[in-house]
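Peer 1: Sequence annotations record features per position, and here Swiss-Prot assigns [4Fe-4S] cluster binding site to Cys74, Cys80, Cys83, Cys162 based on similarity to another entry. Annotated S-adenosyl-L-methionine binding site per Swiss-Prot: Gln286, Tyr315, Glu336, Asp384, in sequence order, evidence recorded as sequence analysis. The active site, nucleophile annotation in Swiss-Prot covers Cys411.
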Amino acid sequence: MQAIAKNDIKTGTVVDLTHEGHGVVKIDRFPIFIPQALINEQIEYKIIKVKKNFAIGKLLNINTRSENRVAPPCIYYERCGGCQLQHLSYEAQLEMKKEQVINLFQRKAHFDNSKINDTVGMTDPWRYRNKSQIPVGKNEQNEVIMGFYRQRSHDIIDMESCLIQDSQHQEVMNEVKSILKDLNVSIYQEQLKKGLMRHLVVRTGYHTDEMMIIFVTNGKKWPQKNAVVEKILDAFPNVTSIKQNINDSHSNVIMGRQSITLYGKDTIIDQLTDSTFKISDQSFYQINSEQTEKLYNKAIEYAQLTGNEVVLDTYCGIGTIGLYMAPHAKHVYGVEVVPSAIEDAQQNATINQCNNTTFVCGKAEEVILQWKAQGIKPDVVMVDPPRKGCDETFIQTLLTLEPKRIVYISCNPATQQRDALLLAEKYQLEEVTPVDMFPQTTHVETVALFNLK
């Protein structure tokens, strides 16, 4: 093989994209991964890291440009780690995400008879995030900075705008930055593990415009608290809720367990089509409301509900998908391991007058067996696990339960593919639909239909 060493300057043609959106150049079948390079581009690059099985390169020049290359509209794109694909046209982003799913399910796992649909995209793939988590820090000049992290680091890029956040969020961010400076609020310094203000979190109701502002602090004592609230209300009189979240752990976890309401309500309200949801500062709620409706509508289509089915909603969170399905089902049973989420789900069921729902706290594999012993037999099981996918014991429980259909929503198609191989013992994977929940990033969500063989 041709010698490859750090700092070498080389040229080559990009032959593929990784799941992280990096261009792939090969030298005698040895891959070099180059951020922001696109397929079919002829490029000049510098080797910056060499490993046993791959190398990392830095793009220097593009000699032949891809027809899918576009100018990134964000002035922070080259430095910020929030987006990875702004240099790729949106149509090509959707195709890339479909290719990721095809590669996982058909090329690697050999689900050759399973249909992979086109990625469901957005008409306007910007300003879609209804929740922003913004780190607060200080620069070398000891000035307050707020923004997002540089890729693969905890270096904060000081920003005034973000094109994938709700526009209200950047207004709040810039106002809060000014308030923190004016009132000389102590700023948390991660390396020293000292200081007070750690993060600003903003949540908005996509359909209601209700807004919650959360200050995450390293400890409860906050001398300027009342003055900050007063200035926030002067700037944003329509704010629904202002909260302080206490996080005195020295970890990467953004929020702590204790929250104090400083102004207004404990929760905000949002809607997904005809369903209404109370959202707390800690609630899991899909980030992209517009795409969530498309995702859930596809899930209902896959569930094939006629009004006579019993639905089991596992990993149910605050009950969003279960309550979305309840009007179309005979009864929905939801199970979730987080107690506060089940409390929210029960309240949301009351708000939506869903009398055909039951929400229980516990491990899904254990609660399912309890329901089975009570004679409860689901026709459809909804699965929407975290990124790590389903526990194998849960999969084995599903296989003994034998529902007619399993509808599996995933934020990590790689673990969904792993679980699909286990389900294949008794289930046929009919089709998978990618949904673009996070445009301009490499993340892809999928919803899959499994039918009992």
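Placed from the backbone N, Cα and C atoms, the Cβ positions cover glycine too.
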Peer 1: Looking at the recorded positions Tyr315, Glu336, Asp384, Cys411, whose Cα is closest in space to that of Cys162 ([4Fe-4S] cluster binding site)?
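Peer 2: If we rank Tyr315, Glu336, Asp384, Cys411 by Cα distance to Cys162 ([4Fe-4S] cluster binding site), first place goes to Cys411.
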Peer 1: For the C-alpha pair, I'd like the distance in angstrom between Asp384 (S-adenosyl-L-methionine binding site) and Cys411 (active site, nucleophile), rounded off.
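Peer 2: That comes out at 8 Å between the alpha carbons.
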Peer 1: Which residues, in sequence order, are found in the same chain with Cβ within 8 Å of the centroid defined by the Cβ atoms of Cys74, Cys80, Cys83, Cys162 at the [4Fe-4S] cluster site, excluding those residues themselves?
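Peer 2: These residues sit around the [4Fe-4S] cluster site: Tyr76, Tyr77, Gly82, Gln86, Phe148, Met159, Leu163, Ile164, Gln440.
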Peer 1: If you skip the near sequence neighbours and keep only those at least six away, which residues in the chain come within under 8 angstroms of Gln286 (S-adenosyl-L-methionine binding site), Cβ to Cβ?
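Peer 2: Thr292, Leu295, Thr320, Met437 - these are the non-local Cβ neighbours of Gln286 (S-adenosyl-L-methionine binding site), listed in sequence order.
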Peer 1: Just the number: how many Å between the Cα atoms of Tyr315 (S-adenosyl-L-methionine binding site) and the residue listed as 'active site, nucleophile'?
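Peer 2: Distance between the two Cα atoms comes out at 13 Å.
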Peer 1: Can you check which residues sit near Cys74 ([4Fe-4S] cluster binding site), meaning Cβ under 8 Å from its Cβ, same chain, 6 or more apart in sequence, and list them in order?
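Peer 2: Non-local contacts for Cys74 ([4Fe-4S] cluster binding site): Cys80, Cys83, Gln86, Cys162, Leu163.
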Peer 1: Whole-number answer please: how many Å between the C-alpha atoms of Glu336 (S-adenosyl-L-methionine binding site) and Cys411 (active site, nucleophile)?
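Peer 2: If we compare the Cα positions of Glu336 (S-adenosyl-L-methionine binding site) and Cys411 (active site, nucleophile), the gap is 17 Å.
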Peer 1: Which residues of the same chain, at least 6 positions away in sequence, have a Cβ lying under 8 Å from the Cβ of Cys411 (active site, nucleophile)?
Peer 2: Pro386, Arg387, Met437, His443, Glu445
Peer 1: Given the binding-site residues Glu336, Asp384, which one is most crowded in terms of C-beta atoms within 10 angstroms?
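Peer 2: That would be Glu336, with the most Cβ atoms nearby.
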Peer 1: On the three-state reduction of DSSP, what should I expect for Cys83 ([4Fe-4S] cluster binding site)?
Peer 2: coil
Peer 1: Given the S-adenosyl-L-methionine site residues Gln286, Tyr315, Glu336, Asp384, which other residues of that chain have a Cβ within 8 Å of the mean position of their Cβ atoms, reported in sequence order?
Peer 2: Phe284, Asp313, Cys316, Gly317, Thr320, Ile321, Pro385, Ile409
Peer 1: Other than its own, how many Cβ atoms are within 10 Å of the Cβ belonging to Cys83 ([4Fe-4S] cluster binding site)?
Peer 2: 22
Peer 1: Suppose we draw a 10 Å sphere around the Cβ of Cys162 ([4Fe-4S] cluster binding site). How many other Cβ atoms does it contain, all chains included?
Peer 2: 23
Peer 1: I'd like the number of other C-beta atoms within 10 A of the C-beta of Cys80 ([4Fe-4S] cluster binding site), please.
Peer 2: 20
